[in-house]
Amino acid sequence: MGDEDKRITYEDSEPSTGMNYTPSMHQETQEETVMKLKGIDANEPTEGSILLKSSEKKLQETPTEANHVQRLRQMLACPPHGLLDRVVTNVTIIVLLWAVIWSITGSECLPGGNLFGIIILFYCAIIGGKLLGLIKLPTLPPLPSLLGMLLAGFLIRNIPVINDNVQIKHKWSSSLRSIALSIILVRAGLGLDSKALKKLKGVCVRLSMGPCIVEACTSALLAHYLLGLPWQWGFILGFVLGAVSPAVVVPSMLLLQGGGYGVEKGVPTLLMAAGSFDDILAITGFNTCLGIAFSTGSTVFNVLRGVLEVVIGVATGSVLGFFIQYFPSCDQDKLVCKRTFLVLGLSVLAVFSSVHFGFPGSGGLCTLVMAFLAGMGWTSEKAEVEKIIAVAWDIFQPLLFGLIGAEVSIASLRPETVGLCVATVGIAVLIRILTTFLMVCFAGFNLKEKIFISFAWLPKATVQAAIGSVALDTARSHGEKQLEDYGMDVLTVAFLSILITAPIGSLLIGLLGPRLLQKVEHQNKDEEVQGETSVQV
């Protein structure tokens, strides 16, 4: 012990050998001294090490406190910046929007008016989504904002004071939801990759088709015997429930993929790719069953009419898709804007006109086929069109989920109906989980990965909100009370499926992903190498 102290003292007092004495050399010498003092007695920190740690801690805390003070000064400055500036700006925009519409429409934009209700619902849905996004749990993905939008609309409808002043006509509500459905279908069609379609493995096909079809058939069976729906309406309900939600699955998969979980087996890629095909299959089945349910005549005629709607939708979509591949041509100005307007305008026209001409199931198929063929021809420009359509979706997403929530009234719900709807959703989801597990067997996944994929294929949201109210809107256009009751049951089940499965599915993916999926080994090695390099430096 004494020899070591003498050696340390000698090294500290050693004279310079002609080299320039710099602060960095002094820091290195000080760090070596502290390390050697630690080596003498590793269990008890020395006074020097304690002082060094406290000084480092103060240096780390000082910039943080300075940042908070600087932000506060910017916020309270004149003119203000930061949070206060954003709040004032957003409030001004909201008030200005209302004032401009009021100056044009008058009483329609006052409390109780139609436009007033739409504006209030729109901003309340946005605020609801933002508030839900503030709920952050450690090591878990954030809750989907669409859930906050859904709850905002539900609260507006079921709080008497607010409901008396926020009134939206059924025709306006139906039209806005149909526009949102058109945007979703365009995004789904453009999102399909023709090269990926050719390279799809059997497991991706099984995953996109098997659970959707089995859940649709199970839900139809349950709806017929538990809810008393006719078989046509049972399958409408089944295909509403059969779709998985990309709005929940894709962000969660991207988080896991960024962390390196399941990348080696391609689990996130598989789920994101199969999700699009799962949704398209559900929408196609829904449109076909919708056409059959609202057609009159014999069963054979209804089935043939459903097939005819599919043929009309595919044929019309093919013609329009090839048309907008070449018009406008690539040498025109503002090419992306023109293509975006054409694909959105034609999709909205297809959805509305199909209902007008008595073929409600053909509009959605027409939009899907048209967007897919247009995207194949646009190649590199497709991404720019998708960006603009994503902005349109950001505008209509709060309206869609807010309007879906506002359709559900507690006063009109019977307790036994709610219980049967929850039972239908629960049993159908359980069958879907088991079917998904079977579909990924013999695909090279281990038991933990199969369990994760089964639970990750659970969330429902976007498609249920988009098509869940279409049957009710179509029933209202026919003016039959019994059909409206069937449509209300379908909408209630869709609402409950979003409310139950969206948060549970998101939490399960965040909890089970790091525990059941393997992390890529080379990422860990890279981190270790980087750590060793930083220590050596």
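In case you wondered, yes, glycine gets a Cβ from its N, Cα and C as well.
Positions annotated as topological domain 'Cytoplasmic' by Swiss-Prot, on the basis of a curator's inference: 1-86 (among others). For the topological domain 'Cytoplasmic' (1-86), the predicted model reports an average pLDDT of 53.
Sequence annotations record features per position, and here Swiss-Prot assigns region 'Disordered' to 1-33.
What Swiss-Prot records for 1-10 is compositional bias 'Basic and acidic residues'.
The phosphoserine feature in Swiss-Prot is assigned to SER49.
The transmembrane segment annotation in Swiss-Prot covers 87-104 (among others).
Sorting the topological domain 'Extracellular' (105-113) by DSSP state (H, G, I as helix; E, B as strand; all else coil) yields 5 helix, 0 strand, 4 coil. If you look up Swiss-Prot, you'll see 105-113 (among others) marked as topological domain 'Extracellular', on the strength of a curator's inference.
Taken from Swiss-Prot, the feature transmembrane segment covers 114-133 (among others), and the record attributes it to similarity to another entry.
The transmembrane segment annotation in Swiss-Prot covers 145-161 (among others). Nonlocal intrachain contacts for the transmembrane segment (145-161), taken as residues 6+ away from its ends with a CB within less than 8 angstroms of a stretch CB, comprise 120-121, 124-133, 247, 397-398, 401-411, 461-462, 465, 495, 498-499, 502-503.
Swiss-Prot lists 162-171 (among others) with the feature topological domain 'Extracellular', giving a curator's inference as the kind of evidence. DSSP places the residues of the topological domain 'Extracellular' (162-171) in helix, strand and coil in these numbers: 6 helix, 0 strand, 4 coil.
Beyond the ends of the transmembrane segment (172-189), by six or more residues, the same chain brings 114, 118, 276, 279-280, 283, 343-344, 347-348, 350-352, 364, 367-372, 374-375, 386, 389-390, 392-393, 396-397, 399-400, 403-404, 406-407, 462-463, 466-467, 469-470, 473, 476 to within a C-beta distance below 8 angstroms of the stretch. Annotation source Swiss-Prot lists transmembrane segment at 172-189 (among others), citing similarity to another entry.
The annotation transmembrane segment is assigned in Swiss-Prot to 201-227 (among others).
Swiss-Prot lists 228-233 (among others) with the feature topological domain 'Extracellular', giving a curator's inference as the kind of evidence.
According to Swiss-Prot, the feature transmembrane segment maps to 234-242 (among others).
Look at Swiss-Prot and you will find 243-270 (among others) tagged as topological domain 'Cytoplasmic', backed by a curator's inference.
Among the features that Swiss-Prot reports, Na(+) binding site is placed at VAL244, GLY275, ASP278, ASP279. A 10 Å cutoff on Cβ-Cβ distances gives VAL244 (Na(+) binding site) a total of 31 other Cβ atoms nearby, all chains included.
Among residues of the same chain six or more beyond the transmembrane segment (271-290), those with a C-beta under 8 A of the stretch's C-beta atoms are 185, 188, 191-192, 196, 200, 204-205, 207-209, 211-213, 216, 232, 235-236, 238-240, 242-244, 246, 249-250, 253, 306-307, 309-310, 313, 360-365, 368, 453, 456-457, 462-463, 467, 470-471, 474. What Swiss-Prot lists as transmembrane segment is 271-290 (among others), and the listing cites similarity to another entry.
Taking all protein chains in view, 26 other C-beta atoms sit within 10 angstroms of the C-beta of ASP279 (Na(+) binding site). Only pairs six or more apart in sequence are counted, and the transmembrane segment (487-509) with the transmembrane segment (418-440) gives three or more Cβ pairs under 8 Å, enough to call it a contact.
Against the transmembrane segment (418-440), stretch 201-227 has more CB pairs under 8 A than any other of 87-104, 201-227, 234-242, 340-357, 462-473. On its own chain, ASP278 (Na(+) binding site) has LEU207, SER208, MET209, PRO211, CYS212, GLY242, ALA243, VAL244 as residues at least 6 apart in sequence with a Cβ closer than 8 Å to its own Cβ. Same-chain neighbours of the topological domain 'Extracellular' (358-361): 286-291, 294, 306, 308-310, 312-313, 470, 474, counting only residues six or more beyond its ends whose CB sits under 8 Å from a CB of the stretch. Sorting each residue of the topological domain 'Cytoplasmic' (374-390) by its DSSP state yields 17 helix, 0 strand, 0 coil.
VAL244 (Na(+) binding site) falls within neither a helix nor a strand when secondary structure is assigned with DSSP, and so counts as coil. Nonlocal intrachain contacts for the topological domain 'Cytoplasmic' (441-461), taken as residues 6+ away from its ends with a CB within less than 8 angstroms of a stretch CB, comprise 144, 146-147, 201-203, 207, 211, 241, 243-245, 247-249, 252-253, 262, 265, 267, 270-271, 429, 432-434, 497-498, 501-502, 504-506, 508-509, 512-513, 515-518.
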